[in-house]
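Colleague: One structure, as structure tokens, below. Some questions next.
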Amino acid sequence: MSLILEVAIPVPLNKTFDYLCNQKATVGARVKVPFGRKTVIGVVLTIKDKSDFEKLKSVEEVVDDTPILDQPILDFLLWSANYYHHPIGEVIATALPKNLRIGKEAIIKKVVGLPLKTNEPDFEPTEEQTNAINTIIGALGKYHGFLLHGVTGSGKTEVYLRIAQKALNQGKQVLVLVPEIGLTPQMVSRFESRLNTRIVSIHSQRNETQKLDAYLMAKSGEAGVVLGTRSAIFAPMPNLGLIIIDEEHDSSFKQQSSFRYSARDLSFVRAKQANIPVVLGTATPSLEMLKRMIDKKITRLTLAKRANGALLPKVSLLDMRTETGVALSALLVEKMKQYLKKNKQVMLFINRRGYAPVYFCTECDWKAQCDHCDTGMIYHRHINRLKCHHCGDEKIPQSTCPDCNQASLEVYGYGTERLEETLCSHFPDTAIIRIDRDTTRRKKSFEQHLEQINSGKPCIIVGTQMLAKGHDFSNLAMVGVLDIDGGLLSSNFRATEYLAQLLIQVSGRAGRSGDQGEVAIQTRYPEHPIFNFVLSNRYTQYAGILLKQRNQAMMPPYAQYALLCANAKDKTLAEAFLNEAVTLLKRIQIDSVELWGPVANTIEKKSDYYYFNLYLQSNDRKALHQLLSTFNQHAHTLKLKNKVRWYLDIDPIE
Ligand code: ADP
Ligand code: ZN
Ligand code: ZN
């Protein structure tokens, strides 16, 4: 007798598909099925004996004898699909490594070995660390959320290592999520040198075989620790005993395409499901986590002092209103000289790669713009190209102005490349190391740069935000922060929160061992309130003010947001689709949800597509989700649905 399988297939449709099957099959196994004119790999969700549909097609092959997704992971994925209103087939595709997605056999090629030897630390945990460690260990075996709020260099990683060891001793597995592993190879090596277990890492720089092996070793329980970026939240771990999220505030935990999930937010769901603690560490808690703490949903553990006794750096402002046209204020150059003379390292942080952000005509108002996006093009000198940082388009710059024909084209502003050039003229005898996506594109070059810095020799490091996180450069004494004023003027309601976090994180790179470090921030807005708090390292007080503002304005985390975005090459279609959506949403009529829009996106045109947004806002999460579910059920009635690209983003961060 043949059974009926309900199968999830990776297509952007909010439904599952029934197939006949006369072979043995289990829930969670992969099956090869005909779909349209193709054959695709799907995953069995349920086995049943009746279907609402007639004339079912048959399964071609059952790929797995045993489930590739066990019931707890399936439940977690179904919950996620439901919460983010995203098709389960695509959610499952996000969770599986590519080789499993395309139907390859689920066998481990090369078992990761146990570390040859592990080292014990040559210090005892501080009182604050001990308190945090003991509190978390006391909670192993039950659900609890902890915010490990420790200033930069306070020894949060040391806390992770000790609680992980304890969970491992109890026969449990540990899941550690980090923002961008490729950027912090030290994190992996610190875990490997301390924990006597198999550690697998899951991130974009691993090849497909390594990713498959890591997945399967997590699933079999052979790997004690899974260390990964956001998608590792879906790693199957039958003995999961602890989840750690490092740099909780980091926006890379939110996926910004296709299945738009937040690994940080999902970590609570996974921890609850497995009945285990989740620990979120940061020096600069997100407003979301601070609100959870105020609501007593999570417990804060504080590390207020740097672990090795080093002082937090001294922070000062450099007023740029009197310094026109220069990248570096005279005072900053003077300070840098002093530190370099003492054989120290200095880092300058500027969040723009390339030579100069503006290529313009001094005679008329012409500016080099991207033909495909509503943005200016960035000049890159070493390749003599204008580049669009949104769509990647490149052009060779003209030598005369296309509008007025004068030979009066110039650059304005600074990127890392031009800053490096300026530094060479100020400091002809000092090594300058530039770290941005252009200088680290080759796989090994980032690590080589890091090695050079870690040698401790005096140098100037110029970098983008790639450098803001997690690095521990012991001879780095001073940090200069350039060109952050954009963040003060941005229209994104999260901009000041992000800027405060960034300034504290960047500052945290300075003076981590030994003498007190120094941080100098260049700005044209020295009276902005953010600096009152950043200068005195009072991030939490500033966050408190932002929380109050969000509460008054009914914005996240005090209200639930969802975004319906539509984009099309035809501007009127994108907007018209959202107007159609508004009509449908109003017909469904849920009073507690407010609609706002459609409005054009801040950057309206990207890669020839026009972007429009419709925001949905509510105090009532249930009502909002109810509305979105009903909307999705009726979305097929929208006339323009196939003429535009559209998606839902739940808890959007932009
Ligand atoms: P964080 O993760 O909070 O930035 P780390 O865990 O990287 O901090 O610790 C900063 C430095 O302090 C590291 O070099 C670490 O080895 C050291 N450290 C951590 N805990 C202690 C301690 N209890 N005593 C002395 N040094 C410590
Ligand atoms: Zn001109
Ligand atoms: Zn472009």
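Note that Cβ sites are derived from N, Cα and C of the backbone, with glycine treated the same way.
No curator has checked TrEMBL annotations; they are predicted automatically.
Annotations per TrEMBL:
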- 137-303: domain 'Helicase ATP-binding' (DOMAIN)
- C361, C364, C401, C404: Zn(2+) 1 binding site (BINDING)
- C370, C373, C388, C391: Zn(2+) 2 binding site (BINDING)
Colleague: Summarise the model confidence on the domain 'Helicase ATP-binding' (137-303) as a single mean pLDDT, whole number.
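Modeller: A mean pLDDT of 94 is what the model gives the domain 'Helicase ATP-binding' (137-303).
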Colleague: Ranked by the number of other Cβ atoms within 10 Å of their own Cβ, which of the binding-site residues C364, C370, C391 ranks first?
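Modeller: Buried the deepest by this measure is C370.
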Colleague: How many Å lie between the Cα of C364 (Zn(2+) 1 binding site) and the Cα of C370 (Zn(2+) 2 binding site)?
Modeller: 18
Colleague: If one measures from the C-alpha of C370 (Zn(2+) 2 binding site) to the C-alpha of C401 (Zn(2+) 1 binding site), what distance in angstrom results, rounded to a whole number?
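Modeller: Between the alpha carbons of C370 (Zn(2+) 2 binding site) and C401 (Zn(2+) 1 binding site) there are 15 Å.
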Colleague: What three-state class does DSSP give C361 (Zn(2+) 1 binding site)?
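Modeller: Going by the DSSP assignment, C361 (Zn(2+) 1 binding site) falls within a strand, counted as strand.
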Colleague: Give me the count of other Cβ atoms within 10 A of the Cβ belonging to C404 (Zn(2+) 1 binding site).
Modeller: 12
Colleague: For ligand 3, list the binding-site residues among C361, C364, C370, C401, C404 whose CB atom is within a distance below 6 Å of it, in sequence order.
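Modeller: Within range of ligand 3: C370.
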Colleague: Can you tell me the CA-to-CA distance separating C401 (Zn(2+) 1 binding site) and C373 (Zn(2+) 2 binding site), as a whole number of Å?
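Modeller: Cα to Cα, C401 (Zn(2+) 1 binding site) and C373 (Zn(2+) 2 binding site) are separated by 20 Å.
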Colleague: With the Cβ under 6 Å from ligand 2 as the test, give me the qualifying entries from the binding-site residues C370, C373, C388, C391.
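Modeller: If the test is a Cβ under 6 Å from any atom of ligand 2, the answer is none.
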Colleague: Can you list the residues of the same chain, besides C370, C373, C388, C391, whose Cβ falls within 8 Å of the Zn(2+) 2 site's Cβ centroid?
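Modeller: Nearby residues not in the site list: D371, H372, T375, M377, H389, H390, G392, D393, K606, S607.
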Colleague: Around C373 (Zn(2+) 2 binding site), how many other CB atoms lie within 10 A of its CB?
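Modeller: Excluding its own Cβ, the number within 10 Å is 21.
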Colleague: Compute the C-alpha separation of C404 (Zn(2+) 1 binding site) from C373 (Zn(2+) 2 binding site), stating it in Å without decimals.
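Modeller: About 23 Å separate the Cα atoms of these two residues.
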Colleague: Might you list, by sequence position, any residue in that chain lying six or more from C388 (Zn(2+) 2 binding site) with a Cβ less than 8 Å away from its Cβ?
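Modeller: In sequence order, the residues whose Cβ lies under 8 Å from that of C388 (Zn(2+) 2 binding site) (at least 6 apart) are C370, H372, C373, T375, M377, I378, E394.
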Colleague: How big is the gap, in Å, between the Cα of C361 (Zn(2+) 1 binding site) and that of C391 (Zn(2+) 2 binding site), rounded to a whole number?
Modeller: 24
Colleague: Note the Cβ centroid of C361, C364, C401, C404, the recorded Zn(2+) 1 site, then list each other residue of that chain whose Cβ lies within 8 Å of it, in sequence.
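Modeller: Those within range, site residues removed, are T362, E363, D365, W366, P402, D403, N405, Q406, S408, L409.
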